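K.L.:
Just lifted these from TrEMBL, have a look:
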type: ACT_SITE; residues: Cys76; note: active site, proton donor/acceptor
type: ACT_SITE; residues: Cys185; note: active site, proton donor/acceptor
type: BINDING; residues: Asp13, Ser14, Tyr45, Gly46, Asn77, Ser78, Thr186, His187; note: substrate binding site
Amino acid sequence: MNDAIDRPIGVFDSGFGGLTVLRSLVEQLPNEDFVYLGDTARAPYGPRSIAQVREFALEGLDHLMERDVKALVIACNSASSAVLRDARERYDVPVTEVILPAASRAIAATRNGRIGVVATESTINSASYDDAFAVADILLTTQACPRFVEFVEAGITGGDELLAVAEEYLAPIKKAQCDTLILGCTHYPLLAGVIGYVLGNGVTLVSSAEACAQSTYSQLTQANLLRHQPREALRAFLTTGNADDFQGIGRRLLGGFVTNATKVTIDKENAHV
Ligand code: DGL
């Protein structure tokens, strides 16, 4: 009997966006328990330096490990970019992230070899997607879209202002004639409507959330850690910010999916709560 299989999966994000990854995880792994940690007190990570995002992300992942999780999901593109190289060495559980699964899905999807990536500034500056595509014969166009996160968190997914911003951000993707676009930020699946509207049906949108969930499924299956018996699974929500705010914004973004949240402290200078 494998006790490890009964433990929850830890999911880490800078804040709320990783809930789109959690939603995909719940769809693809419905019998698993999840502990979701959003570092909302220090979000957004997008405008921060890679060194700082790395420090914060490792604190969050260490905190989840202390909760005895059987696997870690880095459900944040900025955090994945910052710790891609060392998270797998640091932890003795399967670790999945959002960059490499999205890159391999995009490679499978493209017909003309021209792929675009839209993401936060820290993800674009880290060159994590450039590295992920280095071995493939791909013409990559990357574009930081800092204002997209603001729109999503304000609950705005349409309207003239967003459309104008989307037109501007996506102009280089159109110009490069990309036929595949990676939504390389956890918030962007919620903007798939406006992005698809601007780019048209000829462009395949790849959600890093879905690709990450599929990669998690594969890794757990290979490690013999996947719960496949039907059961009522548990989800716990932890936030470093205000618990009521987390629940309110989480519910607004993803409906009744988010239940009561608990506030925790994860930065090493303060004691854990
Ligand atoms: N979760 C972040 C990401 O996927 C977006 C929000 C933030 O900047 O913290 O890059």
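Every residue, even glycine, has its Cβ placed from backbone N, Cα and C.
TrEMBL entries are annotated by machine, without manual review.
Give me the lay of the land around each of these features.
P.N.:
Cβ neighbours within 10 Å of Cys76 (active site, proton donor/acceptor), excluding its own Cβ and spanning all shown chains: 35.
Listed in sequence order, the residues of the same chain lying 6 or more apart from Cys185 (active site, proton donor/acceptor) and placing their CB within less than 8 Å of its CB are Gly17, Gly46, Asn77, Ser78, Val118, Ala119, Thr120, Thr123, Cys145, Phe148, Val149, Ser208.
According to DSSP, Asp13 (substrate binding site) sits within a strand segment. Cβ-based neighbour count (10 Å, all protein chains) for Asp13 (substrate binding site) stands at 29.
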K.L.:
For the binding-site residues listed here (Ser14, Asn77, Ser78, Thr186), which one has the lowest count of neighbouring CB atoms within 10 Å of its own CB?
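P.N.:
Each of the binding-site residues Ser14, Asn77, Ser78, Thr186 was scored; lowest Cβ tally within 10 Å is Ser14.
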K.L.:
I want the residues beyond Asp13, Ser14, Tyr45, Gly46, Asn77, Ser78, Thr186, His187 whose C-beta is within 8 angstroms of the mean position of the substrate site's C-beta atoms, in chain order.
P.N.:
Gly15, Gly17, Gly18, Ala43, Pro44, Cys76, Ala79, Thr120, Thr123, Val149, Cys185
K.L.:
Which residues does Tyr45 (substrate binding site) neighbour through Cβ under 8 Å, counting only same-chain ones at least six apart?
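P.N.:
Sequence-distant Cβ neighbours: Ser14, Asp39, Val53, Phe56, Ala57, Cys76, Ser78, Ala79, Thr120, Ser122.
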